[in-house]
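Taken verbatim from Swiss-Prot:
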- 152-155, K178, Y193, N217, 239-245, 270-272, N321: NADP(+) binding site (BINDING)
- T18: phosphothreonine (MOD_RES)
- K178: N6-(2-hydroxyisobutyryl)lysine (MOD_RES)
- K178: N6-acetyllysine (MOD_RES)
Amino acid sequence: MVQAKSWTLKKHFEGFPTDGNFELKTTELPPLNNGEVLLEALFLSVDPYMRVAAKKLKEGDRMMGEQVARVVESKNSAFPKGTIVAALLGWTSHSISDGNGLTKLPVEWPDKLPLSLALGTVGMPGLTAYFGLLDICGVKGGETVMVSAAAGAVGSVVGQIAKLKGCKVVGTAGSDEKVAYLKKLGFDVAFNYKTVKSLEEALRTASPDGYDCYFDNVGGEFSNAVILQMKTFGRIAICGAISQYNRTGPCPQGPAPEVVIYQQLRMEGFIVNRWQGEVRQKALTELMNWVSEGKVQCHEYVTEGFEKMPAAFMGMLKGENLGKTIVKA
């Protein structure tokens, strides 16, 4: 019998998560029925959205999340033993599936690309960057793009795609190391928002004419400051609000309505699951090719050991990661 280890939500978060919010449980999995497969986690993802999505869980539920897994036993001809898949299986070491929700990695996946990239640049974060910038913002060559949390899994890809499309790109991050990383990726301007004397002045200096597009990963007062410097007909893709996820007080006031009205701005929130089927597959293929050709670089912040899932999650929320946070099981 296979023993599956799973991280569960012991207690709902109040403010920033702590070790006490999580509990590691072990369960014995039953034998496979016809049509089922046994999966072993290889790499697991931790992402900011999990902080908010956990509100929908009951205490005792398994933490949600995507993983790259290997089929170690199969009674389903569509997924023979050894098949590598990506799936929303949660924080668990082993699981049983009937095949629904399992996505095989593309057959053309280059050998030189780590499988873990299916959780990052060639997965949900990369798709979020791709569709948020190209569809929601509708970016055009020659425009100026502002990216917050630019050294993260999504922001770093946003900036690089914007450069591929011929844009000027400004990015912000929370450490000098991350700023150096952004410049290495090709960002035209990058600065540490924690050390500048005035965020408003730093934004103005980076782009005196303002911003055509803002890819918002942080929300809060930071984003209010950016919105004040948007050009007329500017577009804002609201992807995340990581600065607000652990708040215990009231939500801060949003941008002044008159700014949005008179600058004729368009603000749109989005979730990447909106794009499915052929358009999603086409985007994944393009991302995979960009990475394989060296046009898009990616950095993974890897934590070794399934038992360190909560630590990796909390570290990501603190901004300890450079690029995509991954746990290697």
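Backbone N, Cα and C define each Cβ position, glycine as well.
Shown here: features listed in Swiss-Prot, placed on the structure.
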residue	record	Cβ contacts under 8 Å, 6 or more apart
T18	phosphothreonine	M314
G152	NADP(+) binding site	N217, N321, G323, K324
G155	NADP(+) binding site	A129, V147, S148, A149, G171, F215, N217
K178	N6-(2-hydroxyisobutyryl)lysine	A150, A151, N192, L322
A241	NADP(+) binding site	D216, N217, V218, G219, G220, S223
Q244	NADP(+) binding site	G219, G220, C251, P252
I271	NADP(+) binding site	none
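Its Cβ placed at the centre, N217 (NADP(+) binding site) has 28 other Cβ atoms within 10 Å.
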